[in-house]
């Protein structure tokens, strides 16, 4: 088997070749290629004339010697037009009921059925068996069919509670397509002279029969790690609890997981990663309402849980709360405390300085820096006599901010715990402390917890960076996930700086 990274590069180049000349259909081509490489079915929903049939025809060129069959269903379509006519010779000579299948669906690797919901019951029943079991009953014999990809298309969804639901459930990937939107792409499409029947894929990129068969075994060997399973189960529970969520059968979940395994395999990985789960948005919807719902639920999962974003924010909230508790305890211990004086009948309490504040000039540290008089202040120098007078009689108090310049007026008070508190213009306050008693505002316990959390964040970001090279995921999703991780990282960095 080729080296995983070489295989991923080859599949990427194969997809690029298939996409040539198709405008705004890259994502559809890539998912149809993934379906073809893993033996699944695709439903394309969209108005006529938007290259649905061309997508299916292109996929034939992904394989060496692949045969294609396409048919436009009508209400009058017969099984003979899809599965082949009856052999008159066999019926006449041997009395055998046998179809001549050469050139029809039973012998094609790539099948495209347009206006699929117009098919009658006889076609639908045979088609269900072909999709489920990859077998076709031809008279008295069961014949194995080589179908690797079935692309069904329509401009409408099947009616609810109709006989078509069983077939619709077999369409694992469901893509809602629209007209070309971008102006430049529309112009390029109009003037393109490319022959749609030309093979755009170099022979060196085409998949051989042996490779295809081996890859089916290799896909099954891709592991589903426990954390990824937990994300899938969380999504399943969310859908079960939402009133308007689509019903998703166990069979559909199982087939979807195999698609995720294929995504991991063709991305060069040996295990399903959270990034692969984005593919579920194209597997689990039923109609327009459930399509939007799936987008919302996958976005919540990818930007909140897949790389532990919400869990890390919850941990950060707990660390910040603990830091506030420790800082409050430390603040009570180190704050500069004055002595309350005065009798019980005094109109106003007055205070005196403690014995350790005996110098003629006192420098007190702010336990938290404040912006005072347009200056970032970390300590204030007071004249001892002026401070004593203010403690005794009140009035105006001045101090030199950071010990420089002229003394500036201060908004200062004594709190209930007899600590000096200075406030800024927005009335945010901090206690004052003597030099040598104010300790680091960030306790060692908190520093360690923040370091551990930041390391965990780096690991998650590295995991995402290693996993994001997935051909089958649109780049818009990668941008949203990256933004969610960067937001968590920024909040951690801000907490470390406080």
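Any Cβ shown, glycine's included, is placed from N, Cα and C.
The ADP binding site annotation in Swiss-Prot covers 23, 49, 50, 51, 52, 53, 54, 196. Neighbour count (other Cβ atoms within 10 Å of the Cβ, all protein chains): 23 for residue 51 (ADP binding site). Annotation note: residue 51 (ADP binding site) sits in a coil segment as assigned by DSSP.
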Task: In three-state DSSP terms, the structure that residue 196 (ADP binding site) belongs to - done: coil
